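Asks: Sharing the record's features from Swiss-Prot:
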BINDING   LYS155, ASP192, PHE193, ASP201, ARG225, ALA226, ASN227  ATP binding site
BINDING   ASP262, GLU274  Mn(2+) 1 binding site
BINDING   ASP262, GLU274  Mg(2+) 1 binding site
BINDING   GLU274, ASN276  Mg(2+) 2 binding site
BINDING   GLU274, ASN276  Mn(2+) 2 binding site
DOMAIN    119-301  domain 'ATP-grasp'
Amino acid sequence: MKILMLCREPRLYSCQRLKQACQDRNIQLDILDPNRMLIKLAVIDAQMQAQLYYQAGEIYDKCRAEPSLLAEYDAVLPRFGVSSTMMGCRVLDYFAAKKVVILNNSTAFRLARDKWSSLQVLAAQHIPIPTSSFAGALFSTAAHISQHRIPLVIKTCSGSQGVGVMLSESKVHSVSLLQTLQQAKVDNLLQDFVVEARGQDIRAFVIGDRVVAAIERNGLENDFRANIHQGGSASVIQLNTAEQQLAVLAAKTIGLDVAGVDLIRSNKGLLVLEVNACPGLDGIEKASKLDIAGLIIDYLLAMKK
């Protein structure tokens, strides 16, 4: 068994844990950066074919190694960040055309990485989300803000680990933030702020048809974001059956095999904040004491059968 992990930062906790899980199962794992790859479409042996090349080293290296044709793989595990989404998904498309097993296909990955598009898909399936809006460049900023109550949440449409998520507590501040984002040509969306859940949310880790673990995350004092990467803390919790079903439904609606589903408790019930295609393992493993990495690899092996 030979697996390819697409990852820019192999030293990260999640990548190292998945690497260890493969080693424990005597699986060969190659960890390669999709940004160092080239996909070639050409007629080879009188037939149109696709080839994938990889080039090690850095752009500034004077004696950089020549690109090499990549070998075949049995399965692909995407773990690339937001900045690598476009190239990473094109590499996933390459392997999909070759019928290689992929954990989280490119269509689902692209959708999950677009916060607004994913919210639209969730809402179309009547999955509860916070009141949200997206406006075109010629729509009045003031009129856009008036669709929400203050304070409100402003999010960039791409971003992870709490980066690009801002809480605005006045109309003046909201206008200033939106004008800045528009000037920088950064797509953004607005959401109602769930006051009653300030600084706290839930991460449900979904693998296949079940929630394998769930944690409650609490943000730092005076920070409404509960992300672990922003300094938040986590404690393991048990979701009831309905809550687990909502998390699994959200992941499946986006099309993901493995997902981190972020939930928030409101006066209207449980809401889905977003669905992550590349959820980190650090917080969930340390809080739950479970071998989530091993469960992911076992699920990938089951997909291969």
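Yeah, the Cβs are placed from backbone N, Cα and C, and that goes for glycine too.
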Asks: List the Cα distance (Å, whole number) between ASP262 (Mn(2+) 1 binding site) and ASP201 (ATP binding site).
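Replies: That separation, Cα to Cα, works out to 7 Å.
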Asks: Round to the nearest Å and give the CA-to-CA distance linking GLU274 (Mn(2+) 1 binding site) with ASP201 (ATP binding site).
Replies: 11
Asks: Helix, strand or coil at ASP192 (ATP binding site), per DSSP?
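Replies: The residue in question, ASP192 (ATP binding site), is strand (DSSP, three-state).
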Asks: Under a three-state reading of DSSP, tell me whether ASP201 (ATP binding site) is helix, strand or coil.
Replies: strand
Asks: Within its own chain, what residues at least 6 apart in sequence put their Cβ under 8 Å from the Cβ of LYS155 (ATP binding site), listed in sequence order?
Replies: LYS115, GLY164, VAL165, MET166, ASN188, LEU189, LEU190, GLN191
Asks: Using C-alpha atoms only, work out the spacing between ASP201 (ATP binding site) and ASN276 (Mg(2+) 2 binding site) and round it to an integer in Å.
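Replies: About 14 Å separates the two Cα atoms.
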Asks: Taking 10 A as the limit, how many CB atoms besides its own sit near the CB of ASN276 (Mg(2+) 2 binding site)?
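Replies: Step by step: centre on the Cβ of ASN276 (Mg(2+) 2 binding site), count other Cβ atoms within 10 Å, giving 23.
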